[in-house]
Amino acid sequence: MAGRSGDSDEELLKAVRIIKILYQSNPYPTPEGTRQARRNRRRRWRARQRQIHTLSERILSNFLGRPAEPVPLQLPPLERLNLDCSEDSGTSGTQQSQGTTEGVGNP
């Protein structure tokens, strides 16, 4: 892995193996039984998946030495932001707002 020492790579691979084992220990429930029983099994499975996800974040943050939350993005002041509603803007593949900029931000 780019820019990392071999020892750090081994620790990261160990963390990934631990996380893989955690996810493999919680297979999706079988589709047998009554509707209520299946629903309860899926509900418990989702709760375990949430716990595994939380544990995985903690394991990775511990091994990588940084928090799982992203660093806050620095945004420009609101006064400098504007909405461009022109149809000839060259951004293909994105939706353009059809509203007007009048009254935006005013109560």
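Positions of Cβ are set from backbone N, Cα and C atoms, glycine also.
Keep in mind that this is a model prediction, so the values were computed, not measured.
Taken from Swiss-Prot as is:
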COMPBIAS  36-48  compositional bias 'Basic residues'
COMPBIAS  89-101  compositional bias 'Low complexity'
MOD_RES   S5  phosphoserine
MOD_RES   S8  phosphoserine
MOD_RES   S92  phosphoserine
REGION    18-26  region 'Homomultimerization'
REGION    26-48  region 'Disordered'
REGION    81-107  region 'Disordered'
MOTIF     34-50  motif 'Nuclear localization signal and RNA-binding (RRE)'
MOTIF     73-84  motif 'Nuclear export signal and binding to XPO1'
Residues of the parent chain within Cβ reach of the compositional bias 'Basic residues' (36-48), under 8 Å, 6 or more residues beyond its termini: 26, 28-30
Structural state census, the region 'Homomultimerization' (18-26) (DSSP three-state): 7 helix, 0 strand, 2 coil
Tally of residues which DSSP labels helix, strand or coil - the motif 'Nuclear export signal and binding to XPO1' (73-84): 3 helix, 0 strand, 9 coil
Helix, strand and coil counts within the compositional bias 'Basic residues' (36-48) (DSSP): 13 helix, 0 strand, 0 coil
Number of other Cβ atoms within 10 Å of the Cβ of S8 (phosphoserine) across all protein chains: 14
